[in-house]
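As recorded in TrEMBL:
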TRANSMEM  17-35  transmembrane segment
TRANSMEM  102-123  transmembrane segment
TRANSMEM  130-150  transmembrane segment
TRANSMEM  178-204  transmembrane segment
TRANSMEM  210-229  transmembrane segment
TRANSMEM  274-293  transmembrane segment
TRANSMEM  305-323  transmembrane segment
TRANSMEM  329-345  transmembrane segment
TRANSMEM  352-385  transmembrane segment
Amino acid sequence: MLKVEEKIVSYIMEKKVYVVFGLFILMGLAIRVFVRDCTNGDIENYLLPWYEQIKANGGIFGGLSKPIYANTGEVCNYTFAYQFLISIMTSLPIKAMYSYKILSVIFDYLLIGAMVKLVLLVNEKVDKKALVIAFCLILIHPIIFMNSAMWGQCDSIYTFWILAAIICLVKEKYTKAFVFYGLAVAFKLQAVFALPFLLFFYVYKKRFSILNFLIVPTVVVITSIPALLQGRTVIEAFKIYSGNTSLYTRLAMGYPSFWTIISDGVKTEGYYSLKLVAIAVTVCILAAHMYYWIDNKAELSSRNILYMSFILTYTAVLFLPGMHERYGYVYEMLAVIILLCNYKTAKCYLGLFFISIAIYGCAIYGTGYNMVVLSIVNLLVYIYYVKLLDGEILS
């Protein structure tokens, strides 16, 4: 070996952690570049028509001045905050599909940073080298890059803000927590899945006023200012959310919900007969979890905040009606954080991971799976998680 080679190899061996870290960052970006041209029905029928209409209406300075529609005739159900970000992207010399994906990928990396921050807050004694390796693996986590770089969805955006809110709760910075949660809601209604935990935290912790919850709609209005200046109204801003709740008429929209075991999620009959039942059952299960923790005087430590938020979010998605494939994104990311803090959850996480991969395969590639079987497995994984984490919460 030449002396130059020896020096290079020695340097690589000495800085191997940083070399691997850099390699995974590059590979994470490369993977996202490789799948940049993947398209699907959501992109073709919804995202691209919205982009073209925003651009045609004037982009940043007029793109939000009137409602925009999908190819199916449905009015856009994405918030004014998200529409404004897209209006900014229309002024850049980038293909429309890439604009959506670039925006989501930026938040992929912000999200991963928030995940690592939360791990450090929950487990201060975590081995730093192990954390770097974990960070590297998260960079190439299939659910993260499939959601943003392949599907073109914005789940990383609102999930980042939810994690930022949880970090602030751990640090007891409650006003900031609600500002960040407000930003999550401002980008996607699905941020509501984190609301049960915030309500539980409010009742149990008793550290802030219920008026803090008013910060959330205030943030929604503030982030809607670009649209309001272009002639839209506050009523329209909130009507987007009510429109989302009535948009779907099936018990499950590709997600292996508990109710798919009873109704296959395809027929509308099951939705109309069980919709209110499903909501009532969900409220009862959420309340049961909260009562159990309060009755047993569970400590609201940083670790338990993470565990409780995961359980309540998972509960909401698993038992509510009308859930889409990607609606599990928040609890899926929380599960990764929990895994990095508690390796005992590895078996649970493997089950959750393969369920998520299967339903993404169904959505993106049309891969056929028996949804009833997936729903049963999902329920079993949920029960396993609850049993394991409740034991940890009360220990």
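The chain as shown is numbered from 1 upward.
Backbone N, Cα and C define each Cβ position, glycine as well.
The transmembrane segment (274-293) and the transmembrane segment (178-204) are in contact, since at least 3 Cβ pairs between them lie under 8 Å (pairs 6 or more apart in sequence). Segment contact is absent for the transmembrane segment (17-35) and the transmembrane segment (210-229), given fewer than three CB pairs below 8 angstroms at sequence separation of 6 or more. Only residues 6 or more beyond the boundaries of the transmembrane segment (102-123), in the same chain, are considered here, and those with a CB under 8 A from a CB of the stretch are 32, 85-86, 89, 94, 131, 134-135, 138-139, 144-145, 147-149, 152-157, 159-160, 163-164, 166-167, 170-171, 302-303, 306, 333, 336-337, 340-341.
Residues 17, 20-21, 24-25, 27-28, 31-32, 35-36, 38, 40, 101, 104-105, 107-108, 111-112, 115-116, 119-120, 156, 326, 329, 332-333, 336, 340, 353, 356-357, 360, 364 of the same chain, all 6+ positions outside the transmembrane segment (130-150), place their C-beta atoms under 8 angstroms from a C-beta of that stretch. For the transmembrane segment (210-229), the most Cβ-contacting stretch among 178-204, 305-323, 329-345 is 178-204 (pairs under 8 Å).
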